[in-house]
Amino acid sequence: MQNKRNQSRVLWLLLIYITIGIFIYVGVNSLIGTPDVSKIEYSELVQMLEDKKIVSLEIEDSGYARARDNRGLYYETYAPTLLSDQQYVYGLANQGIEIKYVRSLENSWWISILTFLLPVFLLIFLFTFLFRSSGGGANQGMNFIKSPAKKYDPKKTRTTFNDVAGVKEAKEELTDVVKFLKDPKVFNRLGARMPKGVLLVGEPGTGKTLLARAVAGEAGVPFFYISGSDFVELFVGVGAARVRDLFNQAKANAPAIIFIDEIDAVGRQRGSGLGGGHDEREQTLNSILVEMDGFDPSIGIIVMAATNRPDVLDKALLRPGRFDKKVVIDRPDAEGRKDILKIHFRGKKIAPDVDLEVLARATPGFVGADLENLVNEAALLAARNGEKFITMKDCEEAIERVIVGPERKTRVLSEQEKEVVAYHELGHAILGTILPNADPVHKVTIIPRGYAALGYTLQLPSEDRYLMNKSEILDDIAVMLAGRAAEEIIFDEITSGAENDLKRATEMARRMVESFGMSEKIGPVAWASESEETFLARELFREKNYSDETAKELDSEVKQIINKSYEKAKSVLLENKEKLQFIAQYLLKKETISGQELRDLLQKDTDDLKEYVENLGVSSTQEEAKVVNYEYLSRENNLIERKGI
């Protein structure tokens, strides 16, 4: 195969060199030996002939004439009369003027043929290059319209439900699909109709692709994998052709599973995009719909698709007879995370102190991909440190690296900046500890990590929860604003470090007013749009469902919630100002303190706390606070990461 490619490459290079050589030859042949020529009128040439100044004359069949005078200068003019008036030319020859007839370059037959064939050769070369680039080899140009789907043989790379954890309900939903693929006749005999399509809906990293492969592995049938973006190419009609080819391959290997990942790339609502109603994406979608209607369900083909944006899919995809079975894959709970960790720790050497239950509780909101990354980071850290086993310390550091990134040891802060960061983070931490509805604090640090965090506070919900009441949300907003409040109280100045806190607090307050109906003035009315995600094609043409007057009231309510929460944060910090100052000195000495340490310090009275901090004398060998628990920014699936600066 490699020799054929090399031979083809040599032939094309040879063709290119020959073409370039012809152009060079023509150009040089037309230029070499041709002196400077002056353009003159025909009447001037006639006058010079009468004055006997011309010694030679070249007449081209194109009508142009080139003359040389007795001084060796050349002249050129358009003189078609010299071609038709032969007696006049004979008379010039009798006067001793050298007459020569030449064929013009433009009328040369081989130049004409070259001019015609060269563009054809170039077009053939261009299209052949494109087809071969897409097809992957010589004589495979038609592969350009063939489906690029990858076929997985369950006998070679088998994935089963034992390799999938944390999605118990989803596996139960897909058990019928497995049974149907194993023996379709059982369902056909009873008159049951299995769904033609199964849509897996879940956030990125929840294991949609892995679950689809597990279904194929359990059933022992071929698995065709393709991404939605693979259908759309430069040339119109390629996507539809690839859809037809994909279904033909599946029918030839039935029973089989067709899995289309990120189907929203081609399955978005038609007529709502910026490309008009007849773009390539819509043709591809139409082809998918036709194919799903056309194949016989009794032959044992199941079309599975995955998306994290079900709100933008075309309704025709979701109607009965197409993707009429929807399986939601949610983030795993603590028990599910423990099972996922067991799978990823298989075959790895772990120390006896590694407690999977503790790690599962320490990672709320983590999806399967996050947990896989966590285990890999822990293994890399153990290898980097020359350890024989993965320890609990490696796992704890890995969690922190996944959430906020590695330590930035090269980022050296000035003493003044360190002090600002310490007070900012303690503002978050003290509010999180004192307010009754806030999530418990588990770590406060002023060690820079990741891209932008100069310090951070980690909180962890005591349990997996799926609802938040109004008091919890208001306390969360107060905690977010407490970093800025602490800066204002201590330094009578504010910094840019609260930018992220302000964004998150404002967003949460707006959701309270517009989505949750938690504003007493506005009442239980939902003003937010249907989708929290931005979809450009919709947003351009969507009209607000409320007036400008209502918009002012909504903004006013959001601002009022923020202001009240900020005043609440300042009030709590002012009541504990002295403790804030002493604990800040403690944090500056230790750089990292645990949530339990912080709670113990806040329980001391002011005098005892002052004496304790002054007599601390932290040495470089003193053991730092051991942190086990980490968290996400809210129960809205964001990291609970108080990035101070």
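Backbone N, Cα and C atoms are what each Cβ position is placed from, and that goes for glycine too.
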Same-site residue for Zn(2+) (record: Swiss-Prot; known: H424, H428; options: D353, D355, D492, D501): D501
Residues flanking the ATP site, with Cβ no more than 8 Å from the Cβ centroid of G202, E203, P204, G205, T206, G207, K208, T209 and excluding those residues themselves: L200, A306, N308, I329, V367, G368, A369
Sparsest Cβ surroundings (other CB atoms within 10 Å) among the recorded positions E203, E425, D501: E203
Starting from each candidate's C-beta and looking 10 angstroms out, tell me which of the binding-site residues T206, T209 has the most other C-beta atoms. T206
Near K208 (ATP binding site), which residues of its chain come within a Cβ-Cβ distance under 8 Å, counting only those 6 or more away in sequence? L200, G202, D261, A306, I329
Residues satisfying Cβ distance under 8 Å from G207 (ATP binding site), sequence separation of at least 6: V164, G166, V167, I329, V367, G368, A369
Nearest of the binding-site residues to E425 (active site) by CA-CA distance, picking from E203, G205, T209, D501? D501
Specify the count of other C-beta atoms within 10 Å of the C-beta of P204 (ATP binding site). 10
